[in-house]
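Chemist: For reference, the structure I am asking about is given below.
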Amino acid sequence: MSWSAFAAILLMNLVGAAAPGPDIVLVTRYATRSRRHAIAAATGIQVGVLFWSSLTVFGAAALLTAFPGVLSLIQVVGGCFLVFMGVLSIRSGLELRKHPPQDEDDAAARLGSVGKVFRTGLATNLSNPKIVLFLAALVAPLLPPHPPIWLSIALVLSMSLSSYLLFVFLSTVISTRAIRRRLLAAGPWIDIGSGTFFVVAGCALVWAGIQAA
């Protein structure tokens, strides 16, 4: 495998990670209130990315395409989770409108523990199996027919690390105290907006799963 093909895979992985979607919306929402929580969400997301990229590189993703019923089930269940999370986010935004946080520390405290946020990030990423289709379509063709184990491991780790650094950079930029202070009053609308996005994305995922069944 050439270095140019390796670099092309990493570039496509970064483009996919930066594309607007549930992962980006989730990290952005947390970053407007707490850097620790945003990075915790990003870490959970990357564990999911590590799982999906491993399936692709080691060839297991072909099982999902060979058995579309399994992929459809994952899409329906994942879509329902996104809708559920969206409803919770909208309710949180409405609650913040009634009882706004007193300062940035209060806003961060209302997010819950970083462990809970980590699990939310992981579940959000695992709820959307479309990443497997993306990787299988764009990454798999660039892989050699029988890649050595060291190359497969290096590729999985590089893909996960590169997208993780992208999310950490995004979290760091958005979570600066000046930006958080300016966005404090917009917190309810950020929750309502992100919640609406999750509901729409979840419904679209459920519909895609039903159509593919």
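Counting starts with 1 at the first residue shown.
In case you wondered, yes, glycine gets a Cβ from its N, Cα and C as well.
Copied straight from TrEMBL:
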TRANSMEM  6-27  transmembrane segment
TRANSMEM  39-64  transmembrane segment
TRANSMEM  70-90  transmembrane segment
TRANSMEM  126-143  transmembrane segment
TRANSMEM  149-174  transmembrane segment
TRANSMEM  186-210  transmembrane segment
Chemist: Sequence-remote contacts (6 or more beyond its ends) of the transmembrane segment (6-27), Cβ cut-off under 8 Å?
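Modeler: Beyond its ends, the transmembrane segment (6-27) has Cβ neighbours at 38, 41-42, 45, 49, 53, 82, 120-121, 124-125, 127-128, 131, 134-135, 138-139, 142, 155, 158-159, 162-163, 166-167, 170-171, 194, 197-198, 201.
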Chemist: For the transmembrane segment (149-174), give me same-chain residues lying six or more residues beyond its boundaries with a C-beta closer than 8 angstroms to one of its C-beta atoms, as numbers and ranges.
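Modeler: Counting only partners 6 or more residues beyond its ends, the transmembrane segment (149-174) has Cβ contacts under 8 Å with 1, 6, 9-10, 13-14, 17-18, 23-24, 27-28, 30-32, 35, 38-39, 42-43, 45-46, 49-50, 53-54, 57-58, 143.
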